[in-house]
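See structure below.
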Amino acid sequence: MEVKVRRDELVPFVAMAIMEACTIALTIMAKTALTGGMSPFVFVVYTNAFGSILLLPFSFLFHRNERTEQSIFSWPLLVRVFFLGFTGIFMFQNLAFVGLRFSSPIVVCAMGLQIPSFSFLLSIILGRSKLDWRNTSTRAKLMGTIVSLSGAFVEELYKGPFIRPASSASPNRFLKSVPKLLVYYNLPDNWFLGCIFLAVAVFSVSLFNVVQTGTVKKYPHVMKVASFYSIVGTIQCLLFSLFMERDLSAWKIQPNFDLYLIIATGTFGSVIRTSVHVKCTQMKGPYYVPLFKPFGIFWATLFGTSFFVNSLHYGSVLGAAIAGVGYFTVSWGQLKESEEKQSSNEERKSIKTIHHRDEDEYKVPLLINQEESPV
């Protein structure tokens, strides 16, 4: 029994840590392809097209033993699917990869940690949340948002010196060859513009999360919903990319690094990572998977310092670390809020139960008296 408990704790942890490592590794590879001249818009179209082809049949296999009364082809759900594709695929991915082209993987990681803060601010703007200063969860989310945004400003405005300058590079031939194969950071860059693109991408995915939460409540087959909005988002990206990239040579992919990257990114992003996230959520709850997002800082720093020179700045790591602290603070506030709501609902149920019990105790003697009285 104890071994099973340990396994149930260890397997999701290791799986999520590996998912974050693979995400950063693919981000570095994408940076390499974009630096080599590949269009970010074409890359988004091809990866999502390939991923959608895999995800559609896989989603039906994933939910083959589940039934739902709600049809995915109802107008309310189709509108939601269109908006999910627009915000989560079209807006988010195009802006994110353009931002990556101008910055580096650790900047992408740090800006991605702003999602809970943006979601919190968005919920206030939309009237879904209220600022109750007496509430511990509200104070935690507000403080976490301030800290997280501070990390983003540090990331954007301060680079600092390189952690591993070329003069301190290892004489190891393998390490010297890695920067020639992969690119972590390149000059000239446009750090500020890259952060702006990434910030808008984060805002877009925050909108996506709001709509997705409501959609999953109406239609709980998560993988099917993901496959449909992936197809819709791919079509939107294709129409936009045909306008942006009118040179046919930009659409020609040779059987080289770019093609392998498209296949790997499409397979991992659409099927592998999504499946692992869904399974871990089912096993550990809705707040388990997001807690591993800051692991990307560790992997981005490890890869950047181990295999690349003149690539990772002290300011990048500092800003990402500050953003990570803010991320965990906001996440703790969200968890606290969820516990408070659950406790409040349980109290209401217990009060209703006591109220009904009192009514029953009051009604029973009357019924007895009625039965005993003559007709």
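In case you wondered, yes, glycine gets a Cβ from its N, Cα and C as well.
Positions annotated as transmembrane segment by Swiss-Prot, on the basis of sequence analysis: 10-30 (among others).
Residues or ranges marked as domain 'EamA' in Swiss-Prot: 25-134.
Same-chain residues lying 6 or more positions outside the transmembrane segment (41-61) and placing a CB less than 8 Å from one of its CB atoms are 30, 33-34, 89, 93-94, 97, 221, 223-224, 226-227, 230-231, 233-234, 237-238, 240-241, 244-245, 250-251, 253, 262-263, 265-267, 269-271, 274-275. The transmembrane segment annotation in Swiss-Prot covers 41-61 (among others) and rests on sequence analysis.
Within the chain, the transmembrane segment (72-92) has long-range Cβ neighbours (under 8 A, six or more residues past its boundaries) at 44, 48, 200-201, 204-205, 207-208, 211-212, 214-215, 218-219, 221, 224-225, 228-237, 240. The transmembrane segment annotation in Swiss-Prot covers 72-92 (among others).
The transmembrane segment annotation in Swiss-Prot covers 106-126 (among others).
Summarising the annotation, Swiss-Prot assigns transmembrane segment to 143-163 (among others) and lists sequence analysis as the type of evidence.
The transmembrane segment annotation in Swiss-Prot covers 191-211 (among others) and rests on sequence analysis.
Taken from Swiss-Prot, the feature transmembrane segment applies to 225-245 (among others).
For 259-278 (among others), the entry in Swiss-Prot reads transmembrane segment. When Cβ-Cβ distances below 8 Å are used as the criterion, the transmembrane segment (259-278) is approached by residues 15-16, 19, 22-23, 26, 29-30, 33, 43, 46-52, 54-55, 58, 62, 222-223, 226, 230, 253, 289 of the same chain, each at least six residues removed from its ends.
According to Swiss-Prot, the transmembrane segment annotation covers 289-309 (among others), on the basis of sequence analysis.
Summarising the annotation, Swiss-Prot assigns transmembrane segment to 312-332 (among others) and lists sequence analysis as the type of evidence. Same-chain neighbours of the transmembrane segment (312-332): 104, 106-107, 109-111, 113-114, 116-117, 120, 140-141, 143-156, 158-164, 184-185, 287, 290-291, 293-294, 297, 300-301, 304-305, counting only residues six or more beyond its ends whose CB sits under 8 Å from a CB of the stretch.
Per Swiss-Prot, the feature region 'Disordered' maps to 337-356.
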Would you mind listing the long-range same-chain contacts of the transmembrane segment (225-245), meaning Cβ under 8 Å and 6+ residues beyond its ends?
-> 39, 41-42, 44-45, 48-49, 51-52, 55-56, 58-59, 72, 81-82, 84-86, 88-90, 93-94, 212, 215-216, 219, 251, 270, 274
Over the domain 'EamA' (25-134), work out the mean pLDDT and round it to an integer.
-> 88
